[in-house]
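Q: One structure is given below, represented as structure tokens, and several questions about it will come after.
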Amino acid sequence: MDGSGSWDAIDWNQIEDPRPRRLGQAVKESMDDFLLEDEAVIAQGMKPEILIRLSKPDQQINAPFEQMRQKQFDEVLVNAQFFFGEYTILEDFFLGHGVVLLNIREAGTLSVTNFRLLFVSQAKKCVIELGTIPLTTIEKLNDDVKLQPLPHLSDKSRPRELLQVIGKDMRIIVFAFVPKTKQKNEVFDALRKYTKPANLWDLYAFSCDPSTIKNDSEPKWRLLREYFRLFRKSLPQLRGAEEVSLSNDWWRLTRVNSSYSLCSTYPTELIVPRSISDEDLFQASTFRSGKRLPVISWCDPGSGAVLARSSQPMVGLMMNFRNNADEKLVCALSSRTTGDKGSPRKLYIIDARPRANALANGAKGGGSESSSNYPRSEVLFLGIQNIHTMRESLSRLRDYVDAHGSISSNGTPSAVSVVGDRRNRGSTWGGGNLNSMTSFSSTLGEWLNHIQNILVGASWIAAQIAEEAATVLVHCSDGWDRTTQLVALSCLLLDPYYRTFSGFQALVEKDWLAFGHPFAERMGVPTVAENGGSQYELLRQPSLGNLSSSPSRNAIGPSGPSSNASAQSQTSNNSSPILLQWLDCISQLLRLYPSAFQFSSKFLVDFMDCVLSCRFGNFLCNSEREREQSGVTNSCRCMWSHLADLRASGGSFHEHYNPFYDPVKHNGALLPPAAALAPTLWPQFYLRWTCPIESQGGDLESQWHAMTKKYAEAMKAKDIAELRAKDIKMKMESVKQELQRGKRASNTALATAQSAQRENAAIKKAIESIGCTIKFSTSGNQEDRTEVLSCSLRRGTDVRDQEDENGDFSVSISAIEDSLVSESPGDHFCESLCPFRTREGCRWPDAPCAQLGSQFVGLKANFDAFDRLSIQDCYFGPE
């Protein structure tokens, strides 16, 4: 890496206060946002220092400086030029906490927590996924790595302090530290300690509060539920310690191993032939390695076909040892019914090992069956290699992918600069040298050949069971590695239920967990010993590494004796990628049958990452018995619940769902032809670190999920717009209702005003009819010639008579003076007839007639009518 590259990786404006702070305070302030629940920082590469290497033509000077801002740094360069003359920046600049992820040339903070190695970008202020790896996923550490000069860079010496981390997930990352500081030592010492915990309970999975753990059910009950499903029955509601009874014409459920006395690595409940007693099972177990006697893993109640598993028989070197109980048990697996006297069905005994390996095991007392000892049987060898060969093959594939990916652990994109075999010092594809291509084909072909062997073997087993209703017994040496791969993959092909999320969980819990695949040994983590203590085989025989055997090691540089002494290998002789191979086979089937699986390739990747991280307790220890002893079920969180929560958070569009899943189309067994079983590299897993773009480029699932994500965002925007439109509509309705209420109130007020106007007009007319005048006047303009009979009123009558709209007006009702009263005959009649008239004349309205409501007011009599009135005698009757 040259100097200009490091300049781009540094954000000088984000340098914090150079005053030193305590580690705990700094960590708390800067890392809390990036830590998981119950995660705590143990060590951190933090040293506020910059190392600048300045050089004159005849000398070289190292100048350490404390943290500084851009202006201060410019001053340093000016002073350096003044004192030293012409200089050249030869060394990279490491600011902040002084760590650079060399793969992508990203500067940041490197922390060791109780769960992972955490790298946070200084510029982006976010977790860099490539530089963040769980501690249990780390396979090897190397603290003495030197970058070999590459052709396009300067040949001058560039001493760096580097730390190489090799992961079990195909990751090789290199961190560069500030030279001559304690940063790297602090990180390396913490990694060396916490990646190899002394006890099982030191793992992060046990750091959670047990009271917060909510497990739906015990693994034993889930296994029992799966057994009932295989028998096509429903699990009854049980109370207390009531035992379960399950049987049919062929098989039965036995609890003979309830205390693990029959076999310590088998589950407590086993399915065995109905004709075999528990005593026969004990006798048969003595003839099998590890007492792993033949038991049923999958069965078809319709046809009676059986898929059974076991370990190798102890036949001895001469293959002449026999066991009557074992032969009786194996023959019972292939019987048609308990009372059927006819010939048994065909029995295939599948030995997953190469024939030579099976014979070699005879020297240790093992071996393979003889078809002559088992009626209607046939013994076949699949030639699948052992765990050590698989581990070395994956290691070579990892090294080559790292050396030739677009992102390499030495910080150089090989696709641009050095794309050839680095052992040939930079030969390229176009240079006419095909050594690299040949090496790549050999490395890739070796791994894919192992995958193909497993695929072919499982497909053949499934075909015999589905087409012939045959009985197949599968075993290898111990019956927990290659046997588990073949049996679990065959079940996946035979039963469509196992191709769903719930079925996948049931399959893993049955054939991988319950039947004792040694996850602790294969992943290199501690477990519990037989006496309940802790054993850690990972520490027994640390490897010194082999940097000269892989391309990436040679690219990094030769390792001397000190390098071998410091290289830390965290893999025991028993670690191996057995589970990874099984998931790789499923990814190949997913490619062949894209609509047959409910889950996607991304789900398989995340599943594998969860297992390697040891964040959950499901895959700790080597057997069901050890997990019970350690109490992982009640002390650790459940991985299945975690994955279910992830799917629930994204709904049906989550990336774990296979968008092409069609359960109706593939509702039976999958029987791929041999010609179709040509595997390809699983890019989503093997290329995700070194070729991130290419690993997803041709994946239809990824493209669909990308389109679905955009669609979901568009639908979300649509929902927001609809909510806003609905809100606006509601507001408009509210305003409309308010306007209608105002209109109704206005109409009511108008009607009231009109009614009052009519009443006022009637009152005015009535008052005028009794000889009074009504005068309307505004406040302050009244001329009171007469006696006022009414008080002032607020404006409420005819506004047309008002002079001032802003003032009050009054209504005055006055009696008319006698001189103004008209001399009408009616008035004379009233005066002459009124009994209340005085000498002074009519005193209305103060006269008693007005106050008493006299009936004479306004009365006009026509006396002439009386004179003309004739009274007839007929009006009166006889006396």
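Cβ atoms here come from the backbone N, Cα and C positions, even for glycine.
Any TrEMBL annotation is an automated prediction that lacks curation.
Keep in mind it's a predicted model, so treat the numbers as computed, not measured.
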Q: Need the matching range: TrEMBL marks coiled coil on one of 214-241, 606-633, 718-745, and I'd like to know which.
A: 718-745
Q: Would you mind listing the long-range same-chain contacts of the coiled coil (718-745), meaning Cβ under 8 Å and 6+ residues beyond its ends?
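A: Same-chain contacts beyond the ends: none.
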Q: When a 10 Å sphere is centred on the Cβ of Ala363 (substrate binding site), how many other Cβ atoms does it contain?
A: 10
Q: Here are the binding-site residues: Asn361, Asn386. Which has the lowest count of other Cβ atoms within 10 Å?
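A: Asn386, out of the binding-site residues Asn361, Asn386, has the fewest neighbouring Cβ atoms within 10 Å.
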Q: With every protein chain in view, what's the tally of Cβ atoms within 10 Å of the Cβ of Cys476 (substrate binding site), excluding that atom itself?
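A: If we count other Cβ atoms within 10 Å of Cys476 (substrate binding site), we arrive at 28.
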Q: Name, in the order they occur in the sequence, the residues of the same chain whose CB lies under 8 A from the CB of Arg482 (substrate binding site) and which sit 6 or more residues away.
A: Ala352, Arg353, Leu382, Ile384, Ile454, Cys476, Ile578
